[in-house]
Every structure is written in structure tokens, then in C-alpha cells.
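If you look up Swiss-Prot, you'll see 15, 174, 175, 176, 242, 243, 251, 257, 258, 274, 278 marked as ATP binding site. The Mg(2+) binding site feature in Swiss-Prot is assigned to 17. Taken from Swiss-Prot, the feature K(+) binding site applies to 43. As annotated by Swiss-Prot, L-methionine binding site applies to 56, 99, 251, 282. The region 'Flexible loop' annotation in Swiss-Prot covers 99-109.
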């Protein structure tokens, strides 16, 4: 088989773009907690000494947005000007308006209800925007995710853990990881390169202290969990030589700039829509979760080794305008039979997705860092494999 390398990256909770995502989702959760039908589209910009939140919201509740912002930044660990940012004293600016009534009328009263015929109440809610969304799954890991992004997220989570628990006390919140895996055909066989960039306190010796600590406490424990040749992998720690200035002081952060980190690490296609700060009436988010659910159940059912699912919507219309499956030649049944089974087993109208995945809950803060997919947490309903039997029955397996 042909050998090739594939690389994915992740970032920690202190990366400026991820701070922005976490703030946007914390605001969303606060609104959904009191008003599950809140319509929320909130964007965050964070830079040296300042956080600006803007967007469109329609809700019956009130939330103290400046307090939410400050609490989230302090929780992440930016609590001192010595670290380059202090959530207690930074400037906060909020510019929130209402959702456009032109958009709202299409969501509240779908095209089917106005121009066609409705067959149940799920036909009444239209998609919150046009667009295309992708979901993916493969059999490389127990979570049915590509291995490079799974490893990269595990390293980022571990990097945050050793900072928080004091194992490596001189680390600071900003950090990135990158993993290059060698494949033999479609099978991951060897860890080639690991890159870890972590913000740290001043005057830390890279060669004698930081690199050995990262290898011992972060990389080796994570790599040991996976059945992968890793005897001679290359480790690059802070390749610039120093990473003292980080977080919003080092780079401005924006909601929605880590969409590949949030999904499959580049292993699958992406429709372009970000997730954080959006309530589930926005199909950018809810349909991406639904297509992951579809893809994972297909692989879990043994109907394909790899599958990518695309769904597309027109704004204000309940039914998708298109559904497409790509199995890369790994399907165990005829592709047209598999597509028919998916349409029979899964209802991809926005209201049905929200119902089936129970998305009107304040669950989104936990999605906003370390990946929206592949983490089998109780609230991540799109990670369930609860339609396996129905899919098998639909294809006669």
C-alpha cells in the first residue's frame, strides 16, 4: 500500500480564537437556560485589554453579558496582567440587536407552510439560513473519528490539565498542538511528528526544562493510549524558541476561526459555517451535528468503514434540498441502498433534528473547546449510536 502523512491540529482553551468561541457559547447557554427558544447569533472579538461582543438575539430573558464574559475569561486562567490579560479589569463592549424579522418569518413559518402542503408540525420550522453541512466518521478510533485530530485534541486537553493541576506550574493558558500520522493506505500506522506550542512564564529554559516536561507529562502519556508505532517520533516544542506573550495580547481572537479544529482536523470537507454562539435553529450548527450522528451510526452499523454525509438547505425551507453520501469505496451495501436507508431512518428537517438530539438545552459551552465531535459526553447526543439497528433493518442486514 502507499504510505502518506496526514496532519491535524488543536488548540487549548486559552487560545484567543477559542476564548472567543467559549464566550459566545457561554452567552448562548445563559439565554437557553431561561428561554430554550432563544434565537441567538453572537460573535466575540478579543484583543489586548478588550472584549467586544456583537450579534443578534431574540429572547424573553435577560442575561448579564459583561459578567458572563469576565467569568469565562477568569475561568480559562487569564486573571493577571502578568499573563497579558485580566478578565477582572479588561474593557468590555456589547452591541446586541434583535434577529431580523425577515429571517424570523422563514424560521417560524416555513416555505412548506406558506407555499406548499404541511404534513406535520415539523414542517412549520424552516432552516435559519441556506448552506451545506458535512458530517464524517471512520473506524480509525473507538470514537469513530480520524486519529490525527483525536490525538491533537487529547494533547491539548492534557496540556491544559497539567497547567491547571500544577504538574507544570509555569505554563500559561494559550497553547496549540499538531500531530502528523503516517498512513499505510487508509490505516494509521506510525506517529511521525508532534508539535506543542505552549505559553509559559518568563525565563523558562526550553531545552532543559520545558521540552522534557512536555514530553514526560503531556505527549508520552497521551501517545501511550493508542496502538501506534511511536518509538522514533519527532517532538517539536515551542519551535520559535520562546512563547511568553500569548492569549489576546499575542493575537486577536474571533469566534468561528477554528472550524477545522472544531470538526475533523481537515480529514473531511467543511461547509464553512461556524458553530459557537449560534442556537440550534441555525443549521450551520444543528445540521452539522446531525450529519455526524448519521455518519457515526453508518460506521457503527458496519455499513461502511468511512463515510461523509452532506446535507444542504434553503433559508426558510424545512426539508433539505439535498442529501449526499460518500463512502470512498468502503460501503458494504449498494450506495443507493444506503442513501435510501438514511432518508428512511433520519429526519433532517431542522425541527426534527432539534427534537431528536434534544438541542434546546444549555449544553454548548462544553462543545466550544477540544472538538464538537468524538467526545462521548452525556450531552453530546449526536455521538450516540442509537440508530444502528434501524439502519441495519432498512438495508436488510
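Cβ from N, Cα, C; glycine included.
Shown here: features listed in Swiss-Prot, placed on the structure.
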residue : record                    : Cβ contacts under 8 Å, 6 or more apart
15      : ATP binding site          : 174, 175, 176, 247, 253, 258
17      : Mg(2+) binding site       : 11, 253, 254, 255, 257, 258
43      : K(+) binding site         : 20, 24, 53, 54, 55, 254, 255, 256, 277
56      : L-methionine binding site : 39, 41, 96, 97, 98, 99, 100
242     : ATP binding site          : 206
278     : ATP binding site          : 28, 40, 41, 284, 285
282     : L-methionine binding site : 41, 128, 129, 273
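Under 8 Å, Cβ to Cβ, and six or more positions away along its own chain, residue 251 (ATP binding site) finds 16. In the structure shown, the C-beta of 175 has more C-beta neighbours within 10 angstroms than that of any other entry among the binding-site residues 99, 175, 258.
Long-range neighbours of the region 'Flexible loop' (99-109) within the same chain, counting only residues 6 or more positions beyond its ends whose Cβ lies under 8 Å from a Cβ of the stretch, are 39, 41, 56-58, 124-129, 281, 315-317. Among 15, 174, 175, 176, 242, 243, 251, 257, 258, 274, 278, the residues given in the record as binding ATP, the maximal Cα to Cα distance rounds to 36 Å. According to its DSSP assignment, residue 43 (K(+) binding site) is in a strand. Site extent for L-methionine: among the recorded binding residues 56, 99, 251, 282, the largest C-alpha separation is 30 Å.
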